[in-house]
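Data first, discussion second: the structure below is written as structure tokens.
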Amino acid sequence: MVEHQESPRADTVNDPNSPKKQNEKIVPAAVVEDEAAIDGVDPVYAAKARVLNRAIQDIGMGRYQWQLFFVIGFGWAQDNLWPIVTSLILTPISNEFHPSRPPLLTLAQNIGLLAGAVFWGFGCDIFGRKWGFNLTLGVTGVFGMLAASSPNFGAAGTFVALYGFGVGGNLPVDSAIFLEFLPQSHQYLLTVLSIFWAFAQLLATLIAWPILGNLTCQQTDTDCTRSKNMGWRYFIITMGGLALVMFFIRFFVFHIYESPKYFMGKGRDEDAVKIVHEVARRNGKVSNLTIDDLRACEGFNGGVVTEQRHDATAAIKRKMEKLSAKHVKALFATRRLAFSTSLIMVVWAFIGLAFPLYNAFIPYTLATKGAQFGDSSTYITYRNACIIAVLGVPGAMLGGVLVEVKWIGRKGTLCLSTLLTGIFIYGSTTAKNSNTLLAWDCLYSFFSNVMYAVLYAYTPEIFPTKDRGTGNALTATANRVFGIMAPIIAMFANLETSAPVYTSGALFLAAGAIVLILPYESRGKASL
């Protein structure tokens with residue numbers, strides 16, 4: 001059980017002469033080098049962010065951050081696990097309920113993912129990171145388990161959309177809060193988190209293999225009843241239970257602190273300093289940060305300090321300001337920042353369409369192609385899906401290594417892995433038997449996991465903290481909006497042909513080319 005410790009005393013936090021203070025002072029923001037410079041960021045905010053970066057760097061990577069790494073990994077895992085769950089249960093649900101348009105199940109999921117990305121992503125810049133961090137897994141687990149009770153295809157689609165709402169909030173919130181507690185020397189861990197993403201796919205397919213492989217109607221069955229097709233229900237109950245276990249650990253075992261940069265961005269400098277001291281205490285260290293270090297940064301804006309009114313009218317006004325579009329406008333404040341924000345949204349959008357257009361229908365494709373090749377048993381289908389998932393784990397690990405290589409960095413790794421993902425998708429169209437198709441899909445799985453490992457790390461790094469949740473929400477929204485188009489295309493383009501595959505490959509190639517012209521390389525720089 002992780003202990004819940006009390007906040008440090010206010011006089012210790014604010015008093016520069018506290019006996020707990022070290023001899024040296026926090027290095028002034030003006031002389032901090034090698035920090036991420038993002039156009040359009042308020043100079044006072046940027047100066048304070050650098051002070052907090054230095055304070056977190058001085059504390060170092062300790063007990064709190066490693067515990068946070070573990071529980072943040074739950075969110076990464078759930079983000080990949082549930083779309084995989086939906087793709088794995090699509091065939092047995094279709095065999096049982098005989099819907100006229102099976103891809104509607106994937107459409108329902110993507111609508112839920114979009115709603116979740118918008119609500120939790122934008123919301124975390126308004127009401128903070130903690131609520132979204134704790135609740136997303138609970139929402140996912142509850143509606144995931146309820147989906148097993150679905151009496152028809154419509155009910156199944158409804159529950160899939162509802163658990164998608166919880167899943168959609170994981171990465172926008174989790175990536176923001178993790179990055180804001182990481183020292184610059186360990187920002188590569190945001191990429192390494194994708195190991196959880198890859199393991200989730202492997203875990204889902206390992207569990208699906210015996211359950212769905214043995215308790216599911218065969219693709220050639222003409223009489224598929226509920227009693228013969230209970231596998232997908234047992235499977236989704238298992239996955240929902242796993243999500244609830246993760247929720248329990250996050251909510252009752254691990255004590256999460258609100259981001260100090262979130263507090264600083266809201267003008268609550270005292271709270272930001274208290275959180276830094278609490279993290280230091282959890283790590284067995286003492287921080288040198290004082291409130292005066294942050295107040296000194298106000299000189300970067302002419303030294304003007306305005307008093308904040310505390311009457312009811314002013315309080316209401318501040319609440320209304322939270323609901324304004326200022327976080328969105330801040331991400332388009334200058335030409336270069338607007339160019340960067342727009343391009344990364346396009347990259348996410350293209351991948352958002354390309355990935356589910358191919359990946360969400362892999363089990364379905366394996367089954368239908370297997371029927372053509374003469375080996376369409378459900379056991380072989382889910383066995384092959386498991387083999388494909390295994391290749392994702394080393395892919396995520398390779399991504400974590402390549403992003404720190406000087407001559408390739410984030411952008412180079414992202415560009416190459418995205419291009420190779422598209423190339424290997426095209427290769428799958430040449431398969432003449434199931435084994436060849438499996439080989440192409442394994443290569444696709446490997447490089448797509450490299451791609452996602454980098455993309456999930458690079459994206460939050462190029463947004464300033466005060467607008468990071470909104471930036472993550474914009475990219476996630478673009479991703480989910482285009483993701484909604486994938487099942488629509490699948491409904492009108494025969495999945496038994498290569499048309500959806502060609503479309504998916506072309507989008508990956510286009511996204512890889514766009515990465516080359518992104519203006520920021522975040523390797524070796526602390527995030528603002």
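Note that Cβ sites are derived from N, Cα and C of the backbone, with glycine treated the same way.
Please treat TrEMBL annotations as automatic predictions, because they have not gone through curation.
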Per TrEMBL record, range annotated transmembrane segment [choices 160-181, 314-335]: 160-181
Mean of the pLDDT scores, which run from 0 to 100, over the domain 'Major facilitator superfamily (MFS) profile' (68-523): 84
Outside the transmembrane segment (382-402), six or more residues from its ends: residues with CB under 8 Å to it: 84, 88, 188-189, 191-192, 194-195, 197-199, 201-202, 204-206, 208-209, 212-213, 362-363, 366, 408, 412-413, 417, 434, 438, 441-454
Chain residues in Cβ proximity to the transmembrane segment (337-362) (below 8 Å; excluding those fewer than six residues from its ends, i.e. six or more beyond): 38-40, 83, 86-87, 90, 103, 106, 110, 331, 385, 388, 418, 422, 425, 441, 444, 448, 451, 455, 459, 462-463, 471, 474-476, 478-483, 485-487, 489-490, 495, 500-501, 503-505, 507-508, 510-511, 514-515, 517-520
Chain residues in Cβ proximity to the transmembrane segment (414-431) (below 8 Å; excluding those fewer than six residues from its ends, i.e. six or more beyond): 351, 354, 358, 369, 399, 408, 437, 440-441, 443-444, 447-448, 450-451, 454-455, 458, 498, 501-502, 504-509, 511-513, 515-516
The transmembrane segment (131-148) versus listed stretches 68-93, 160-181, 188-212, 471-493: most Cβ pairs under 8 Å: 160-181
